[in-house]
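Novice: Once you've had a glance at the structure underneath, I'll fire off some questions.
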Amino acid sequence: MDAHDDETGGTRRGPRTAGEEPPVRPEPPLGVEPPLGAEPPFGSEPASFEREVHRSAPPAQLPSAARLAELRRRYGRGELVESELPGDPLVLFHTWLADALAEKVPEPNAMVVATVGADGVPSARTVLLKGLDERGFVFYTNYGSAKAADLDAHPKAALVFPWHAMERQVRVTGPAARVSREESAAYFASRPLESRLGAWASPQSQVVADRESLDRAYAETAERFAGIEDVPLPDFWGGYRVRPEVVEFWQGRQGRMHDRVRYRRTDEDWITERLAP
Ligand SMILES: Cc1cc2nc3c(=O)[nH]c(=O)nc-3n(C[C@H](O)[C@H](O)[C@H](O)COP(=O)(O)O)c2cc1C
Ligand SMILES: Cc1ncc(COP(=O)(O)O)c(CN)c1O
């Protein structure tokens, strides 16, 4: 199936007509890129990226400021057509997530979560979307982390799904609340053992003395739970659910005249509006 099929929720992709410019100018390599893909087992040799980037001279091809200014892409893969949009933004979100999966976008469930601290300072970081239903978008984290302190002070979040390969972005805002302990426990139990141990071992967002102290904490945790299959959910770890109140879909178009459609929740329905790019 065409990932941008007309039937799949208000988006279109058509063949490019003759005479149009190609959508993407080939870009020369920009130097060392970190490897994507599987995480090496805990405690294994550092990836070559670490050796190259942190232990040797800078790569010869660092982009100059002038090169950065020239970096741009011409978008034109699809369109958002109001008359074809589903009434529920989660229907369109599911279609777009399925498209990103089908195109093998790396970490298609990665999203940036922005929060506001008690001091009013914003923070943003990437997390993984681990659950989605009509109640909202769920991610898991340490309840002692900086983001959790922010959400305690201001229980609202903004999410961004940066699907660059698809020339798409989705933004979500709404109130954030902790999920139930049962839900967190069920998710925690599904994680690989090494990640469950990592959750116990890491005082997320705290300053630590050095790498060795982290490695020691992990080894001590592994020892403490040795032979125990059901490493329990720490009481300082769990999920947050962001209830979507506003959901904006962005599809890149030519001339920077992109399509933006914003859904706003009303008492019983959603209002859709087109925004200028
Ligand atoms: C691709 C990616 C996925 C991540 N997923 C999570 C996640 O699901 N939960 C989490 O707590 N941290 C995750 N992190 C780490 C966070 O970005 C961040 O470093 C950490 O949560 C501490 O953030 P804080 O100090 O603002 O609370 C992820 C990082 C990346 C790059
Ligand atoms: C610290 C941390 N916690 C939680 C997660 C959530 O993902 P998973 O449960 O798959 O480890 C991640 C993902 N990178 C993470 O880095």
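Heads up, the Cβ atoms here are built off N, Cα and C, so glycines get one too.
I grabbed these lines from TrEMBL:
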| type | residues | note |
| --- | --- | --- |
| REGION | 1-64 | region 'Disordered' |
| DOMAIN | 98-220 | domain 'Pyridoxamine 5'-phosphate oxidase N-terminal' |
| BINDING | ARG125, THR126, VAL127, LEU128, LEU129, LYS130, TYR140, THR141, LYS147, GLN169, GLN204, SER205, TRP250, ARG260 | FMN binding site |
| BINDING | LYS130, TYR187, ARG191, SER195, ARG256, MET257, HIS258 | substrate binding site |
Novice: Output the one of ARG125, HIS258 that, of all these binding-site residues, has the highest number of other Cβ atoms within 10 Å of its Cβ.
Specialist: HIS258
Novice: Using a 6 Å cut-off on Cβ distance, which of the binding-site residues ARG125, VAL127, LYS147, TYR187 come close to any atom of ligand 1?
Specialist: ARG125, VAL127, LYS147
Novice: Per residue, counting other C-beta atoms within 10 angstroms of the C-beta, which of the binding-site residues VAL127, MET257 reaches the highest number?
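Specialist: By the 10 Å Cβ neighbour count, VAL127 comes out on top.
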Novice: Between the Cα atoms of TYR187 (substrate binding site) and GLN204 (FMN binding site), what distance do you get, rounded to the nearest Å?
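Specialist: A Cα-Cα distance of 19 Å.
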Novice: Have a look at the binding-site residues (ARG191, TRP250) and report the one with the fewest Cβ neighbours inside 10 Å.
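Specialist: Selected from the binding-site residues ARG191, TRP250 on minimum Cβ neighbours within 10 Å: ARG191.
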Novice: Enter the number of other CB atoms within 10 angstroms of the CB of TYR140 (FMN binding site).
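Specialist: For TYR140 (FMN binding site), the 10 Å Cβ neighbour count is 20.
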Novice: To the nearest Å, how far is the Cα of ARG191 (substrate binding site) from the Cα of TRP250 (FMN binding site)?
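Specialist: With the alpha carbons as reference points, the distance is 32 Å.
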Novice: Among the binding-site residues listed here, SER195, GLN204, which has the most company in the form of other Cβ atoms within 10 Å of its Cβ?
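Specialist: For the binding-site residues SER195, GLN204, the Cβ with the most other Cβ atoms within 10 Å is GLN204.
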